Amino acid sequence: MGVQLQPNGDVSVRVSAAMMTLVLLSLLARIWSRSKTPKGFTSPDDALIALAAAVFYAEQILFLYSVAGDGASGGSNVTLMTLPQLNRFFKYLYAQELLFVLCITLAKLSILTFYRRIFSVRSFVRLTWVVLAMCVVWAVICAFVIVFQCVPVHGMWDVAMQLGKAATCLKPEKLIFGFEISNVAIDLLILALPVYRVQRLQLPTAKKISVSCIFLLGLFVCVACAVRSYYVWDPVTNATRSSSTSMDWTTIELATALVCASLPTYGPILFKGGLATKMFEMYQSLRGSIQSGRSQSVPATAESTKQTAKGDYSEYDQLVDGPGGVRHKAAERESNAYAMNRIRVEVV
């Protein structure tokens with residue numbers, strides 16, 4: 001490194017190294033897991049998450065150089081920087097903000113394309129397209145606001161211009177806080193999408209809960225967003241609580257998003273012959289020994305499940321697909337069967 005690190009700079013470097021390692025491990029685990037499926041690591045969601053990881057590493061390299069490169073202050077606490085160090089730091093921050101938006105958007109798109117690969121019901125596919133469009137629009141708006149947050153643009157990394165009123169800039173803490181609020185709203189919408197579809201599948205209740213929990217692990221990203229927002233802006237003082245801590249949570253937020261986007265794809269290495277499968281088989285064997293008489297009821301249970309799958313659309317489906325939706329019962333059943341098969345292959 002080019003300079004002596006301050007305590008907050010040392011923490012930032014350690015956090016960055018840990019998160020970059022975590023993202024690498026999650027990506028390798030995804031490649032390993034997907035290699036056990038027929039298509040391998042070739043789906044659009046795989047390509048998007050790989051691209052998001054590349055952007056994440058680019059963002060982190062810029063961040064580390066802004067903190068510890070030649071001419072840096074050795075940390076990310078702006079109150080401890082000289083004017084030249086501030087100019088240098090804000091120039092790198094400008095690029096990092098754009099890479100942040102690109103990385104988080106690619107992670108969202110990867111999750112949505114994964115949903116579309118698992119679930120094929122028309123109403124659900126339409127919803128994913130709507131949310132996908134929202135993500136793209138959100139990214140474009142964020143990028144536009146970031147690029148032109150100062151007039152003239154180079155006033156962003158020229159603190160003297162800002163102090164001399166030669167440049168007009170948006171308050172960065174309020175800007176980031178606004179980004180995070182909208183970011184969390186979209187994340188919650190993305191997390192809610194698969195839960196309804198999972199509940200519609202002909203799976204045991206325990207399995208529905210476990211699969212839903214896998215999808216809802218993305219809530220950790222929302223927690224990271226909330227913590228970052230807390231440190232970014234204090235409405236009482238109208239200033240940043242801690243610039244260095246907020247930067248660290250930016251790193252954690254991006255890494256968490258990438259890891260959570262890959263978690264639902266780990267089924268083949270966790271459950272296909274893995275520890276979870278062996279434990280389940282032992283449980284089933286023990287249960288079968290104790291309740292051997294129940295073996296005769298399996299065909300009846302399967303038949304009742306089959307009959308349940310033949311039921312009409314619920315009122316929700318009628319509202320989504322319109323009055324003519326009932327004519328597509330067969331397609332719905334086929335889609336549910338397909339989704340169950342994909343979940344068994346991809347998730348559990």
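Here the Cβ of each residue, glycine as well, is placed from N, Cα and C on the backbone.
Fair warning: this is a prediction, and the values are worked out from it, not measured in the lab.
Through the fold, the transmembrane segment (12-32) approaches residues 1, 5, 41, 46, 49-50, 53, 56-57, 60, 63-64, 67-68, 75-76, 244, 247-248, 251-252, 254-255, 258-259, 262-263, 265-266, 269 of its own chain, all at least 6 residues removed from its boundaries and within a Cβ separation under 8 Å. What TrEMBL records for 12-32 (among others) is transmembrane segment.
Sequence annotations record features per position, and here TrEMBL assigns domain 'Rhodopsin' to 29-270.
Per TrEMBL, the feature transmembrane segment maps to 48-68 (among others).
The annotation transmembrane segment is assigned in TrEMBL to 93-115 (among others).
Listed by sequence, the residues of this chain that lie at least six past the ends of the transmembrane segment (127-155) yet keep a Cβ under 8 A from its Cβ atoms are 94, 97-98, 101-102, 105, 108-109, 112-113, 115-116, 161-162, 166-170, 172, 175, 179, 182-183, 186, 189-190, 193. The transmembrane segment annotation in TrEMBL covers 127-155 (among others).
Cβ atoms under 8 Å from those of the transmembrane segment (175-197) belong to residues 101, 104, 108, 111-112, 115, 118-119, 121, 124, 127-128, 131, 134-135, 138, 142, 145-146, 149, 212, 215-216, 218-219, 221-222, 225-226, 228-229, 232-233, 246, 316, 339 of the same chain, restricted to positions at least 6 beyond its ends. The annotation transmembrane segment is assigned in TrEMBL to 175-197 (among others).
Under the heading transmembrane segment, TrEMBL lists 209-231 (among others).
What TrEMBL records for 251-271 (among others) is transmembrane segment. Long-range contacts of the transmembrane segment (251-271) within the same chain, counting only residues at least 6 positions beyond its ends with a Cβ under 8 Å from a Cβ of the stretch, are 12, 15-16, 19-20, 22-23, 26-27, 29-30, 32-34, 36-37, 49, 52-53, 56, 59-60, 63, 100, 103-104, 107-108, 110-111, 114, 214-215, 217-218, 220-221, 224-225, 227-228, 277, 343-348.
Sequence annotations record features per position, and here TrEMBL assigns region 'Disordered' to 294-313.
Annotation comment: TrEMBL describes 294-308 as compositional bias 'Polar residues'.
Over the domain 'Rhodopsin' (29-270), the average per-residue pLDDT in this prediction is 87.
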